[in-house]
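Below is one structure; the comments refer to it alone.
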Amino acid sequence: MSITQEFNLLSNRFRTFYPVVIDIETAGFNPKTDAVLEIALITLKMDKLGWLHKEDILHFHIKPFKGSIINSDAIAFNKIDPFNPLRGAISETLAIESILEKVNYGIKIQGCTRGIVVAHNAHFDHNFLMAAIQRVKIKNNPFHPFVTFDTAALSGLAVGQTVLAKACKAIGLSFDNNQAHSALYDSLQTANLFCKIVNRWKGLGGWPINVKKSKQNSY
């Protein structure tokens with residue numbers, strides 16, 4: 001395998017981390033007490049030329065865990081009725097087990113070592129994901145315990161915007177505000193945004209790194 005081909009592997013792009021786009025809709029801001037209501041996950045892949053693309057999607061409506069808190073302000077914001085039977089909600093345990101099975105498979109197939117959460121304002125989603133994994137008592141958590149890729153920060157650097165809708169529009173993506181705050185829609189837009197930023201950096205010559213050129217242009 002040539003050096004160029006090696007750089008075009010997903011495992012070599014993010015130092016063996018397997019990027020997984022996550023969006024979580026919740027019934028509040030406290031990951032230990034407030035219910036997770038909806039989770040969407042999108043895996044990513046790199047083509048033979050090293051361009052990043054969306055791959056597979058998982059999407060679950062979640063039943064509030066026993067004893068969890070439902071904040072009225074939160075559900076008024078995301079417009080989720082936690083107890084509507086038409087949601088087709090499943091248990092948090094089943095959702096998390098399905099997610100981790102998918103992530104572990106991707107890590108293995110892509111030759112990576114662990115998953116890394118990609119999210120918009122990633123601290124929020126990462127905290128809720130870690131709390132949910134802890135609640136369902138899964139010991140082998142494939143995700144990095146604290147490192148994330150935050151598209152709010154990345155888009156602030158790339159296009160000068162940190163709000164998801166504004167960042168998408170600034171980079172040339174459409175955004176439907178009527179679909180916002182759905183975990184599925186927001187994860188799709190976050191994945192599109194992340195891929196655009198990564199691919200734009202590559203297109204500008206930022207990846208793969210030219211070590212000699214980087215030393216000459218160092219500040």
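Heads up, the Cβ atoms here are built off N, Cα and C, so glycines get one too.
Taken from Swiss-Prot, the feature active site, proton donor/acceptor applies to H181, supported by sequence analysis. Cβ contacts within 10 Å of H181 (active site, proton donor/acceptor), excluding its own Cβ and spanning all protein chains shown: 16.
Remark: D23 (Mg(2+) 1 binding site) has I39, A40, A119, H120, D125, A183, L184, D186, S187, T190 as non-local neighbours, by Cβ distance under 8 Å and separation of at least 6 in sequence. The secondary structure of D23 (Mg(2+) 1 binding site), as reduced to three states from DSSP, is extended strand. Per Swiss-Prot, Mg(2+) 1 binding site is recorded for D23, and the stated evidence type is sequence analysis.
Around E25 (Mg(2+) 2 binding site), taking its Cβ as the centre, 25 other Cβ atoms fall within 10 Å, counting all chains. Here Swiss-Prot flags D23, E25, H181, D186 as Mg(2+) 2 binding site, drawing on sequence analysis.
The domain 'Exonuclease' annotation in Swiss-Prot covers 20-194. Here the domain 'Exonuclease' (20-194) returns a mean pLDDT of 97 for the predicted model.
Within the same chain, residues at least six positions away from F29 (site 'Important for substrate binding and specificity') with a Cβ under 8 Å of its Cβ are N71, A74, F124. Annotation source Swiss-Prot lists site 'Important for substrate binding and specificity' at F29 (among others), citing sequence analysis.
The feature site 'Important for substrate binding and specificity' is assigned by Swiss-Prot to F77 (among others), with sequence analysis given as support. DSSP gives F77 (site 'Important for substrate binding and specificity') a helix state.
Here Swiss-Prot flags F124 (among others) as site 'Important for substrate binding and specificity', drawing on sequence analysis. When secondary structure is read from DSSP and collapsed to three states, F124 (site 'Important for substrate binding and specificity') falls in the helix class.
The DSSP secondary structure for F146 (site 'Important for substrate binding and specificity') is strand. For F146 (among others), the entry in Swiss-Prot reads site 'Important for substrate binding and specificity', with the evidence type sequence analysis.
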H181 (active site, proton donor/acceptor) to F77 (site 'Important for substrate binding and specificity') - Cα separation in whole Å:
8
Beyond the listed site residues D23, E25, H181, D186, identify every same-chain residue whose Cβ lies within 8 Å of the center of their Cβ atoms for the Mg(2+) 2 site.
I24, E38, A40, N78, A180, S182, A183, L184, Y185, S187
Roughly how many Å separate the Cα of E25 (Mg(2+) 2 binding site) from that of F146 (site 'Important for substrate binding and specificity'), to the nearest whole number?
20
Hey, what's the Cβ neighbour count for F146 (site 'Important for substrate binding and specificity') at 10 Å?
9
From the Cα of F146 (site 'Important for substrate binding and specificity') across to the Cα of F77 (site 'Important for substrate binding and specificity'), what is the distance in angstrom?
27
